[in-house]
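Q: Attaching a single structure in structure tokens format; questions to follow.
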């Protein structure tokens, strides 16, 4: 299941971490398959002669740790050589005896592999665990793997292991891989949520982006719900950019966005329409949009170094979503051209502009 999940995620995201983890799971499956074969043929699971098994086990452990780090961090190019270096170190005790002029006691190979394993475990605790988003869970998994390694060593050097401990030792890898699976699953969910959020929100303010905001607006207008659109524009924003820099302007923009989110919480949604233009939809029929708009204006004026020109419009029957936004935009422009730091209602503005014509008639 984990192998299929990794391959599927790689096909979608092309993230090398999934390739490394898929390779690790292939080695793990090979290792466990050989263990099952050994058990069925009567050979002990932990055998001093099974150096190939130790190579597969330890190399898969290295790949797994590298892939876990890559799920959370962008690692330097040099770290991509770590699996190759590990493979070379693990192959060394397998090929070295054939080049020596004397016979090497097999126990030295076991000692070499054990030293490699515990060094790898130490590095995993020290280097991997602090760099991932689930350190406690992964530390628990490494602790399980450490106990398994100790039991392996006891069996290798003593030649025996109590039947109870043998059963316990066989269960430990399953527990370790289960912990890794839950770490992988949670990380995939986090990444998918992050991708979804980045697709629907503005990267700077965290508000909905224009496309997603309009999608919500079209949904509400198609249902002919009683909603109101609020259109906000930061006054003198270009001057702020020019005099205090983009970083300060971005900070102010985020402050205004945070205020709007707080004021719309539970009663509507907010979005970034473009540049310094922030918008909102009031979807709670019991709430007066004029009051919401005034609350936003007053808070921005008192809590930040800028002011807002705000316009709003209430949805009328037969009006489309884009038309509603144009109405709120016109009301905002009326505030902008009549002193700024004001709230204008599109309907009141339209009524006021029609009165002189009626008087003239």
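Using the three backbone atoms N, Cα and C, a Cβ is placed for every residue, glycine included.
A TrEMBL annotation is a machine prediction, not a hand-curated record.
Checked TrEMBL, it gives:
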TRANSMEM  20-40  transmembrane segment
TRANSMEM  52-72  transmembrane segment
TRANSMEM  79-100  transmembrane segment
TRANSMEM  106-126  transmembrane segment
TRANSMEM  138-158  transmembrane segment
TRANSMEM  164-185  transmembrane segment
DOMAIN    225-348  domain 'GGDEF'
REGION    331-361  region 'Disordered'
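Context for these features, please: burial, neighbours, distances.
A: Within its own chain, the transmembrane segment (20-40) has Cβ neighbours under 8 Å at 2-3, 6-7, 10, 47, 50, 52-53, 56-57, 59-61, 63-64, 66-68, 70-71, 83, 173, 177, 184, counting only residues six or more beyond its boundaries.
Sequence-distant contacts of the transmembrane segment (52-72) (same chain, six or more residues past either end, CB-CB distance under 8 Å): 15-18, 20-21, 23-25, 27-28, 30-31, 34-35, 79, 82-83, 86-87, 90-91, 94, 110, 113, 116-117, 120, 123-124, 127-128, 131-133, 138, 145, 180, 183-184, 187, 191.
Long-range contacts of the transmembrane segment (79-100) within its own chain (CB-CB distance under 8 A, at least 6 residues past either end) are made by residues 20, 51-52, 54-55, 58-59, 62-63, 66, 69, 108-109, 112-113, 116, 120.
For the transmembrane segment (106-126), same-chain residues at least 6 beyond its ends with a Cβ under 8 Å from one of its own Cβ atoms are 48-49, 51, 54-55, 58, 61-62, 65, 86, 89-90, 92-94, 97, 139, 142, 145-146, 149, 152-153, 156-157.
Mapped onto DSSP helix, strand and coil, the domain 'GGDEF' (225-348) counts 61 helix, 30 strand, 33 coil.
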Q: Over the domain 'GGDEF' (225-348), what is the model's mean pLDDT?
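A: It averages 94.
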